[in-house]
Amino acid sequence: MQQGPIEQLVIVGGGTAGWMAAANLAEHFKHSGLSITLVESSQIGTIGVGEATIPSIRRFYGALGLKDEDVLRRTNGTCKLAIRFDGWSKPGDAFYHPFGLYGQDVRQVGFHHYWLKMHRAGKAGPISDYSLGVALADGGKFTRPSPRPPSPLSVFDWALHFDASLFAKVMKESALANGVKAIDAKIESVELNAETGFIDSLALDTGAKLEGELFIDCSGFRGLLIEGALETGYESWSEWLHCDRAVAMQSELDDTQQLVPYTRSIAHKAGWQWKIPLTNRQGNGYVFSSAHISDDEALATLRDNVKGSQRTEPNFIPFVPGRRRRAWNRNCIAVGLSSGFLEPLESTSIALIETAIDKIKLLFPDKSFRPGVIDEFNEMTALEYERVRDFIILHYKLNGRHGEPFWDQCREMEVPDTLARKMQLFKERGHLVKYRWEIFQNASWLAMYNGLNYLPDGYDPAVDHFDIAYLEKAFFEMKKSLDEGVAATPRHEDFLQEIGR
Ligand code: FAD
């Protein structure tokens, strides 16, 4: 067994995952003597999609010294306060999943319990009436959250919509500035050590051989190292997630819609469509089940639902929802699409890249590659993916589109035990439980349960400490304060102009 610190790290792939890993690890290890080389192939290119994020991205680039306004400017970015789900609860209906809280918890009891009592008594509007994130998103408004919110009612967060290839460039610049060496070449083969089965080196089409001690596989769906060379295996989740294809297409901005501060997810016959506004164009795509509609029908639906003129040819992308059985196998760690894929319904792929990088730093190996560290990494990754998987399955399971085979099948399916337990706990008495390694907070689950009309049978009895008249006044004041806050907030477009977009 070899000893001593890792000195040569090789990252394979220069998509969003590769350059995010390079930038972050180069910053983290900048005084450690670790040499980082990234190899990418301009002949092969990147997947070219991935435009919506969740708020953790801001912490990620913030740690590299990048400011929100710089990233927005350099990536044609817009602000994202929520996802708006159109037609999921039933055709014609819409609701938001905001990055923020609902109402105000009192006496350690969640706001939604008070709301349930009031809603049942016919004394409260929908729970979304008590979310600043929803009110801002719906009003097309945007402001940065106060670092010291005056009340829990003012707590919300935000993320970005951006051009992922421009974001990768920003990451590349940061990585190169910290000494990462970049090679543009195609990897032709991977050489394994005959004794250990570890990766020794990569043979490039330039004739060069690239040696390394630790390899990070960011080669995209192909998983060149983790699967191509190491045959790690893949766990498919198709039994719960029935979409297996997407068609993506960029268009001019839709004149009928301003630059809304939210991602749109619009349910169609056999899946859902995304609409993502950037400052110079719109990203569109239809994620669908090929067992229910053909490519032609999917494309026709997408074209019918994109108002601005088409800027790019449609790009069909097949996928298998699931995860690599071991994200870390021998001396190779898969990050990004090579480690697994969950459809972009909640914009989680880039977030899973961030958390993978965090775990690499936390459990960075030495040359001995002790199994404990590897097992821990794999367990954390598996749990994280499964938690996101469950959240996404929930969207389908609770859909309210009756009489459409795809949606009926989703509603009628059995769900994983972990999800069934969560749903049952909520149904019984509105319990929200956050599991270990869960990316989404309770408020996100609440947004989906409520939006999809899955309401509990009971609420926390502690709520009865307050009488209805008292709560009615408190709810009224809360709504009034939110409305006033929103009225005083600038429009999203004005905010973007102000920062120079
Ligand atoms: P890629 O972009 O595919 O990069 C792979 C890299 O490996 C490239 O540089 C390529 O040149 C290199 N490579 C491959 N083979 C070789 C070789 N032989 N030699 C040398 N180099 C090689 N995520 C979100 O967070 N939000 C979204 O809204 C979102 N939308 C999505 C929509 C769809 C339809 C899909 C499929 C994905 C979406 N994603 C989204 C996921 C997101 O696109 C990816 O997580 C992200 O782009 C990272 O991709 P990657 O870097 O792993 O792979």
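Using N, Cα and C of the backbone, Cβ positions are placed for all residues, glycine too.
Automatic prediction, not curation, is the source of TrEMBL annotations.
Noted in TrEMBL for the protein shown:
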BINDING   G14, G15, T16, A17, L337, I350  FAD binding site
BINDING   K80  7-chloro-L-tryptophan binding site
ACT_SITE  K80  active site
BINDING   E346  L-tryptophan binding site
Separation of alpha carbons, the residue listed as 'L-tryptophan binding site' and G15 (FAD binding site) (Å): 20
Enumerate the residues of the same chain, G14, G15, T16, A17, L337, I350 excluded, that satisfy the criterion Cβ within 8 A of the mean position of the Cβ atoms of the recorded FAD site; list them in sequence order. G13, G18, W19, M20, T46, I47, G50, A164, A168, C218, G220, G336, I353
Please report how many Å separate the Cα atom of A17 (FAD binding site) from that of the residue listed as 'L-tryptophan binding site', as a whole number. 18
Under 8 Å between C-beta atoms and at least six apart in sequence, can you list the same-chain neighbours of L337 (FAD binding site), or say none if there are none? G15, A17, I47, G220, F221, G223, S349
Excluding near sequence neighbours, so keeping only residues 6 or more apart in the same chain, what lies with its CB under 8 A of K80 (7-chloro-L-tryptophan binding site)? A52, T53, F99, W158, A159, L160, H161, P261, Y262, T263
What's the number of neighbouring CB atoms sitting within 10 A of the CB on E346 (L-tryptophan binding site)? 22
Reading the DSSP string in three states, the entry for L337 (FAD binding site) is helix
Compute all pairwise C-alpha distances among G14, G15, T16, A17, L337, I350, the residues listed as binding FAD, and give the largest one in whole angstrom. 14
For G15 (FAD binding site), the three-state DSSP class is coil
Looking only at Cβ atoms, how many others are within 10 Å of the one on G15 (FAD binding site)? 24
Same-chain residues at least 6 positions away from T16 (FAD binding site) with a Cβ under 8 Å from its Cβ, in sequence order, are T46, G50, A164, F167, A168, M171, G336, I350, I353
By a simple count, how many Cβ atoms lie within 10 Å of the Cβ of G14 (FAD binding site), its own Cβ left out? 26
